[in-house]
Amino acid sequence: MSENPVKRPGKDGSRNKFKPVQEEGGTPGWFRSKGESPQGKFPGFLLFLMAGLLMLFVFLRFFSGTDAPEITYNEYKSVLSRALVTEVTVKTYEDKSAILSGKLNAPAQLQLIDKTTLQTNRFAVRVPSFTLEQADMLTEKGVRLKVEKGSSDLNTFLALFAPWIIFAALYFFLFRRMSGQNGAQAKNIFSFGKSRAKMVSEFEVKTTFKDVAGVDEAIEELQETVEFLTNPEKFQKIGGKIPKGVLLLGPPGTGKTLLAKAIAGEAKVPFFSISGADFVEMFVGVGAARVRDLFEQAKKNAPCIIFIDEIDAVGRSRGAGLGGGHDEREQTLNQLLVEMDGFTTNENVILIAATNRPDVLDSALLRPGRFDRQITIDKPDIRGREAILKIHTRNTPLDGDVDITVLAKSSPGFSGADLANLVNEAALLAARHEQVLITAVNFEQARDKILMGPERRSMFISDEQKKLTAYHEAGHVLVSIHTKGSDPIHKVTIIPRGRSLGLTAYLPLEDRYTHNREYLLAMITYALGGRVAEELVFQECSTGAANDIEKATDIARRMVRQWGMSESLGPINYGDSHKEVFLGKDYSHIREYSEETALQIDVEVRNIIMGCMENAKTVLSEQLAVLHRLAGILIEKESLNAREIQEITGPGQGALPNPVTA
């Protein structure tokens, strides 16, 4: 958490400094007063250490050894020779030293170890060792002798004060640290109620709206939101009110979090960032407490922005999913609803949230007054992809054969994250080959790696298996070329990539937002082309078509159940029984049609798949010679691009192979 002062507009329009948010746990450091530097914790520790040393000194001075006056060894021999000693108690230690404590038959003037004299009948003397000869000498002189096992001063000290030392250590090093007194955001029972939001200053984030592309409408909406905070008078003059919240919706990788970073870089106000998962813990009430603490910090630093990433972790619809609602999550959501638009209003505090699961969010969270604006961020179109690629390649050296426009055309369906990964993979490939510039070949190899997976050339495949794979992929290629409405082929390979032994890659010429019946049937037909080719050539089929069959069945079932493309069943939605319950708002999926209708659905799905399979058989039977030639060349070269495929197969009813390169 930074304590850098961030400037924000004052009432007079000047730029003043706002107070940095106090770190978690209150006063940072041990014995630190308000305003003291972080180094203030060290004097507290030294004070504790000095107190311990003082206790040790007092013990050694007043409680160690014996309370009798200590005399010199020569004085001890003198009183012993004069037969003044009546009894002696010997305490022996592990280092063989001993302390002799004795009594005299009458008070005598004795010389102490500090060279002074004292009239006393008691004494003590330290000797390096106590032997049997010394014991016999004392016994012969009629001295009563008693021998005890003594303990060292340190052991005695620890025995007396160890419990207190341990307690003090626990207090300073455990409890105070766990309560956050050292300034750290400790994740423990004493700081559970504290918000874990990180405050970001304008000096920390370098990302701005100039670093974001392909989402022009979203940028426009968010720029207006930022302007609400920096120049509210412009909107207040005509009665406009600042929006309470902005919800960013869209699939993963489209730039929702990047937009939040850009807001932090553009807004000259405090910016609090937190994940939705950081609210809920194992203890009840923690989530609601953290929401309260977050908004309290935000109010102290208003105007400001709060960003909650993956808000579906805490904003899920109440009472949804298996087992009913989660009480702790519901309490957290209720507190969030109150803070956003409850009895008390939060002026000049805007909440921005991001999610890729808007379908599971609670309806109370989505209403106007809380999230006033819902901005959808979808995958970019060709112009958006071109703008994104220009941003990601502005610091990379490109060869003259790289055309960004062509590269954008050859990457339909790519999200912003996919495009960033594409540029990075191309740069890594160029660096691997000691290149100075990134070429079009590098981009093509990187795109193939993303679409088809990395090559596994080290994997050993027998000639028989390679031949089977070649005919399977050749079947896909020929059926696709001779089926109307199909996607153009980009590349075919029998080099193992990812988890597959071979692959046929398709690359549409344009972005598709809707699919007609002809296109869907073409997808099913060329998906089954590999299975049909195996049956025609080898008179048997293999497990290699398992994924193709799964995809074909899924498309056919959706055509009948969801998209109303069955002539006998009509345009009726029969639901999707394959969707997991916990991903939606329903407790369970109820089949809303009869057994007879279910049977009709199965029959329609089977008819669609079998019809497409017959079409694939017809194509391959007519093109059997081309199939053998294509498979043979594929076995020899292992990979064929679009131009090579077109030279072998010639034109067909479907789309021509797509020869586009970067």
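Heads up, the Cβ atoms here are built off N, Cα and C, so glycines get one too.
Per Swiss-Prot, the features are:
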type	residues	note
TOPO_DOM	1-39	topological domain 'Cytoplasmic'
REGION	1-35	region 'Disordered'
TOPO_DOM	61-154	topological domain 'Periplasmic'
TOPO_DOM	176-662	topological domain 'Cytoplasmic'
BINDING	Gly250, Pro251, Pro252, Gly253, Thr254, Gly255, Lys256, Thr257	ATP binding site
BINDING	His472, His476, Asp548	Zn(2+) binding site
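Feature map: Swiss-Prot annotations on the structure.
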{"residue": "Gly250", "record": "ATP binding site", "Cβ within 10 Å": "21"}
{"residue": "Pro251", "record": "ATP binding site", "Cβ within 10 Å": "11"}
{"residue": "Pro252", "record": "ATP binding site", "Cβ within 10 Å": "8"}
{"residue": "Gly253", "record": "ATP binding site", "Cβ within 10 Å": "18"}
{"residue": "Thr254", "record": "ATP binding site", "Cβ within 10 Å": "26"}
{"residue": "Gly255", "record": "ATP binding site", "Cβ within 10 Å": "28"}
{"residue": "Thr257", "record": "ATP binding site", "Cβ within 10 Å": "16"}
{"residue": "His472", "record": "Zn(2+) binding site", "Cβ within 10 Å": "27"}
{"residue": "His476", "record": "Zn(2+) binding site", "Cβ within 10 Å": "26"}
{"residue": "Asp548", "record": "Zn(2+) binding site", "Cβ within 10 Å": "19"}
Original post:
Say you check the Cα of Pro251 (ATP binding site) against those of the binding-site residues His472, His476, Asp548; which is nearest?
Top reply: Asp548
Original post:
If you measure from the Cα of Thr254 (ATP binding site), which of the binding-site residues His472, His476, Asp548 is the nearest?
Top reply: Asp548
Original post:
Is Asp548 (Zn(2+) binding site) helix, strand or coil when read with DSSP?
Top reply: helix
**OP:** Specify the count of other C-beta atoms within 10 Å of the C-beta of Lys256 (ATP binding site).
**Re:** 26
**OP:** Compute the centroid of the Cβ atoms of His472, His476, Asp548, then list the same-chain residues not in that set whose Cβ lies within 8 Å of it, in sequence order, for the Zn(2+) site.
**Re:** Glu473, Gly475, Gly502, Thr504, Ala527, Leu528, Gly529, Gly530, Arg531, Ala533, Gly544, Ala545
Subject >> For Lys256 (ATP binding site), the three-state class that DSSP assigns >> reply: helix
**OP:** Show, in sequence order, which residues other than Gly250, Pro251, Pro252, Gly253, Thr254, Gly255, Lys256, Thr257 on the same chain lie with their Cβ within 8 Å of the centre of the Cβ atoms of the ATP site.
**Re:** Ala354, Asn356, Ile377, Ser415, Gly416, Ala417
Original post:
Under DSSP, the topological domain 'Periplasmic' (61-154) has how many residues in helix, strand and coil?
Top reply: 22 helix, 42 strand, 30 coil
Original post:
Using DSSP, would you call Gly250 (ATP binding site) helix, strand or coil?
Top reply: coil
**OP:** From the binding-site residues Gly250, Pro252, Gly255, Thr257, pick the residue whose C-alpha lies nearest to the C-alpha of His472 (Zn(2+) binding site).
**Re:** Pro252
Subject >> Confidence summary (mean pLDDT) of the topological domain 'Cytoplasmic' (1-39) >> reply: 40
Original post:
Roughly how many angstrom lie between the C-alpha atoms of Thr257 (ATP binding site) and Asp548 (Zn(2+) binding site)?
Top reply: 35
**OP:** Whole-number Å only: compute the distance from the Cα of Gly255 (ATP binding site) to the Cα of His476 (Zn(2+) binding site).
**Re:** 35
**OP:** Kindly assign His476 (Zn(2+) binding site) to one of the three DSSP-derived states: helix, strand or coil.
**Re:** helix
